[in-house]
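For reference, TrEMBL has these:
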- 191: active site, proton donor (ACT_SITE)
- 336: active site (ACT_SITE)
- 440: active site, proton donor (ACT_SITE)
- 459: active site (ACT_SITE)
- 545: Ca(2+) binding site (BINDING)
C-alpha cells in the first residue's frame with residue numbers, strides 16, 4: 001500500500017503545480033512583460049518550454065522563442081502544442097519578413113561593397129573571392145567560381161521578389177555592362193547552368209513580363225541582352241555534350257577552350273541529369289531545340305542505365321562506358337536534383353515522358369529507400385526515413401543522410417504526398433533544433449554529424465516554405481522563425497553571413513556561397529510575406545533547383561526538340577496538370593483535412609519520437 005500513497009502524493013503535487021502555474025499571471029502580471037524581449041533576436045536564455053531543455057547541447061536550437069510565443073506552457077497543454085500552436089499575428093509576420101529582407105540586404109550590400117566584381121564574398125575578411133588559379137584541382141572553389149560576378153547574377157530575381165525595382169534595374173545593367181563569359185575558366189556544367197544560366201533566364205522573364213507583378217522591373221531600351229548572354233553561356237557549355245559515347249555530358253568545361261584535355265570521364269547523376277529545365281527554357285525562348293535536346297538525351301541515357309532489379313540509379317557514372325562507378329542510390333548529394341527535375345520538367349513543359357519517369361522513380365524510391373512505419377501520423381514503429389542503398393540490391397550502404405536531402409519534403413508537396421513530407425521535414429528540423437544548423441552529413445545511427453560544416457544551404461527552408469503553402473499550418477512559421485534566428489545568431493559575420501565550419505563548435509569559414517542570397521533568404525522572405533506577388537498576382541510560378549522563379553505559361557508548352565528525334569512523337573504527348581493528382585501515391589493532399597490546419601502537423605508523440613531519435617531529448 002505504501003507505493004499507492006507515494007503515487008497519490010506525486011499526483012496531488014503535480015495538480016498543485018499546475019494550479020500554481022495557472023495562477024501565476026494573476027499573481028505576477030509583470031512577469032510576462034519582463035520575459036517579452038525585443039524583436040527580432042532575443043537571447044536563447046529567454047527560452048521557455050523547450051522539449052530538449054533537460055539535456056542542453058552546444059548550439060541546441062529553438063529554445064529562444066518563448067517570449068514571442070507568449071511565454072511558458074499552459075496547464076494541461078502538451079509542451080509541443082504550447083510551443084508551436086500559438087497564432088502568428090500579422091505584425092509578427094511583418095517583422096519576420098522585414099528581418100529576412102534585412103538579412104538579404106546585409107549580405108547583398110556587403111558583397112557589392114567589398115567583393116564585386118568577384119564571384120563570392122569572404123564575409124570574415126570583407127573581400128572578394130574568385131577561381132583558385134594556383135590550384136586547378138581545388139574543385140570546391142573552381143567548379144562554382146567562373147570569374148563572372150556569380151553572386152550578383154545569382155541574386156537578380158531575389159531583388160525582384162523583394163520588390164526592389166531600383167536595385168534590380170541597377171544590377172541588371174551592371175551584369176549587361178560588366179559580365180563576359182569569354183573567360184579562361186573551367187567550371188562545372190551543372191553549377192554554371194543552375195546558378196548563372198537559370199538566373200539570367202529568370203531575370204529576362206521578369207523584365208519582359210507584360211503584367212509586371214513585382215512592380216516596374218522593366219529596363220529602358222532592354223534588347224533581350226540577358227537572353228543573349230544566356231545563349232552565349234549555353235553555347236560555351238555545349239562541348240561538354242560532345243564526344244561522349246553515352247550522351248551523358250562531361251562534368252566540366254572551359255568557357256573559352258571547351259572540354260579540357262584528360263578530362264574526368266566520371267560524373268554524378270544530378271550533375272548530368274539536372275540541366276533540362278534551364279536548357280529547355282532557353283530552347284523554347286530562342287526557338288532552337290539544340291539545348292533541350294542534348295539535356296533530354298542525357299536524362300534518357302541515365303534512365304536507361306537504371307537497375308533492372310530495383311529500378312534505382314547510382315550516383316556516379318562513367319560517361320563513356322555507362323558503368324556505374326558509384327552504386328549508392330539516395331536522395332542527397334549526387335542524386336537529388338535529378339528526381340526534382342523529372343517532375344519540374346513535366347510541370348513546365350508538359351511532356352508525358354517526364355511524368356512517367358518521375359512516377360516510376362518515385363515508386364522505386366518508396367519501395368527501396370524508405371524505412372520506418374507505413375504512415376507518417378499514425379501507427380507503431382520508427383519514423384519514416386529515406387536511406388542510402390545499393391542500387392542493384394536495395395541493401396543499406398551506410399547510416400548517414402546529408403543536408404541536401406532536406407529538399408525532398410518540398411518535392412513531395414509538389415506531388416501531393418504531404419503526409420510523408422510532414423514526417424521527413426520534422427526529422428530534419430529536429431536536427432536543426434539540436435545544432436542550430438544542418439550538418440552537411442548526419443549519422444542517424446550515431447546521432448552525430450559525420451561532416452560537421454554548414455554552408456548556409458537552403459533546402460530545409462525551401463521545404464518549410466512549400467509545406468506552409470500546402471497546409472497553411474502556423475507550425476511552419478515557427479520553424480522559419482527558428483531558422484532565421486539561428487542564421488542570425490551563428491552565421492552573421494562582419495561583412496555578411498559565413499559558412500559554419502563546425503555546427504557544434506559554431507566556428508566559421510570565410511565563405512558566403514551565392515545560393516544564400518538566391519535561395520535561403522528568398523524562401524525565408526516568401527514564407528513570411530503572405531501578400532507577395534508570387535502568391536497573389538495570379539501568375540503561376542515554379543522554382544528551379546537554385547530557387548530562381550520561372551512563370552509557368554503556355555509558351556513553354558510548345559515542343560521543339562522532337563524535330564531532331566523523328567519517330568518519338570508519342571513521347572511528346574502532353575499531360576494535363578490535373579492528371580498528376582490521379583497518380584496512386586501513398587498519400588495525397590486530401591489526407592490533410594481542414595480541421596488539422598491549426599493543430600500540429602505531426603502528433604506530439606511522433607514529434608517527441610523524432611527528437612529522441614536525433615539525440616535532442
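Even glycines carry a Cβ here, placed using N, Cα and C.
Distance between Cα atoms for residue 440 (active site, proton donor) and residue 336 (active site): 14 Å, as a whole number. When other Cβ atoms within 10 Å of the Cβ of residue 440 (active site, proton donor) are tallied across all protein chains shown, the result is 22. The two recorded residues, residue 459 (active site) and the residue listed as 'Ca(2+) binding site', have Cα atoms 10 Å apart. The recorded positions under consideration are 191, 336, 459, 545. Their Cβ neighbour counts within 10 Å are lowest for 191. A distance of 10 Å separates the Cα atom of the residue listed as 'Ca(2+) binding site' from that of residue 336 (active site).
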